[in-house]
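Asks: Next up is a structure, given as structure tokens.
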Amino acid sequence: MNFGRGPPVVLNVGGTRYSFSREVLKDFPLRRVSRLHGCLSEQDVLEVCDDYDRERNEYFFDRHSEAFGFIMLYVRHGHLRFVPHMCELSFYNEMIYWGLEGSHLDYCCQRRLDDRMSETCTYYAAEEPNGGPEGKGRRPAGAEGRKWLERMRRTFEEPTSSVAAQVLATVSILFVIVSMVVLCASTLPEWRAPENRSVEEQSRYTAESVREPSGIIEAICIGWFTAECIVRFIVSKNKCEFVRRPLNIIDLLAITPYYISVLMTVFTGENSQLQRAGVTLRVLRMMRIFWVIKLARHFIGLQTLGLTLKRCYREMVMLLVFICVAMAIFSALSQLLENGLDLGTKNKDYASIPAACWWVIISMTTVGYGDMCPITVPGRILGGICVVSGIVLLALPITFIYHSFVQCYHELKFRSARYSRSLSAEFLN
């Protein structure tokens, strides 16, 4: 095919026509379009485009016309952004088709694409087992066993994936609530052991507490959580990935203290070291408060909070940097104005910069306990500037975090609704 002199080349993309001269086509920024210049036959042309009209010298591409319009804006002006109301992954597929890469996007759109691709890879790995719909026609040996494991994994990992998963999630929530009620009730004066017990009485009380109703309830809850964690570990696809997940680490931190306390009770017995061990036991028992975080498996709100913190770690680090810089500046100035200068009115609350840091943090966050406050006029002026600066600095990254929270909530809600539709179909069947 000769691309010498002749009529202009027409690209028809989804019904929208673009006309170019042949000289422009040779060095066109889009690789797929520039490949047309090197085509020597009609077969070569059809490998690049979907159809070709020799009479009108028109090339047809069955692609998204609006996306190509935004890509043409990049060709003309050098800025590539996402099409409004279009999925980032769909637009990225159009970019790949025309020969562009993610690095051609503007920085803000690159971040959106990275976040969406990381989520999609995680979700699709969890939701598209056995290679997707292509693997439905043939089932290799062991497919039934893998299907059963996948069903068990969904039952324990996705509370809305089936009726059995909802029942299991409800039972798990009840155990968490019961364990929290027992933990709170155990701190009441009527439930606690008197402080004036002897070491021998303490040892007998610790050994007998397991046989009390609260100890029995605690043992039952721990048994349920342990069995649930073991089953989820067995049916998981990737054991290393399972251990690294934050919620699984929290489960381990909530379960392990009980067994450690039981072992410490068994091995210390009536030893004189029991009093020291008793403090450790109380600390370990209080670690059961991590069970509350287990509710994140069953509530979209807590999942949204965790996903938002994961995505907005840059903004959170920026917020902490703002606070630390402001604390360093205002604490040094307040210590100098209130205690460092020999003005005859030294404020002992500001004797050191670390002590002044406490005043700075409660002032910037507008808490203001009133336990320490400046007494000099320059110190009070500095305090007003500190409060106003805290409001401004804390408000700057909040907008990004808020929008990310709303986006995470809608994504998780959509995912839950998709599982709910499959649940309704299962219930009707």
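Each Cβ is built from the backbone N, Cα and C atoms, and glycine gets one as well.
TrEMBL lists these features:
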DOMAIN    7-116  domain 'BTB'
TRANSMEM  163-188  transmembrane segment
TRANSMEM  215-235  transmembrane segment
TRANSMEM  247-269  transmembrane segment
TRANSMEM  289-309  transmembrane segment
TRANSMEM  316-337  transmembrane segment
TRANSMEM  349-369  transmembrane segment
TRANSMEM  381-405  transmembrane segment
Asks: Which residues of the chain, 6 or more past the ends of the transmembrane segment (349-369), have a CB below 8 A from one of its CBs?
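Replies: Long-range Cβ neighbours of the transmembrane segment (349-369): 323, 326-327, 330-332, 334-335, 338-339, 379, 383, 386-387, 389-391, 393-394.
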Asks: Let's see if you can do this one: DSSP helix, strand and coil counts over the domain 'BTB' (7-116), in that order.
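Replies: Across the domain 'BTB' (7-116), DSSP assigns the residues as follows: 57 helix, 17 strand, 36 coil.
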Asks: Could you pull out which residues elsewhere in the chain have a CB under 8 Å from any CB of the transmembrane segment (381-405), counting only those six or more residues past its ends?
Replies: 304-305, 308, 311-312, 315-316, 318-319, 322-323, 326, 330, 333-334, 337, 360, 363-366, 373-374
Asks: Please work out the mean pLDDT for the residues of the domain 'BTB' (7-116).
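Replies: Mean pLDDT for the domain 'BTB' (7-116): 84.
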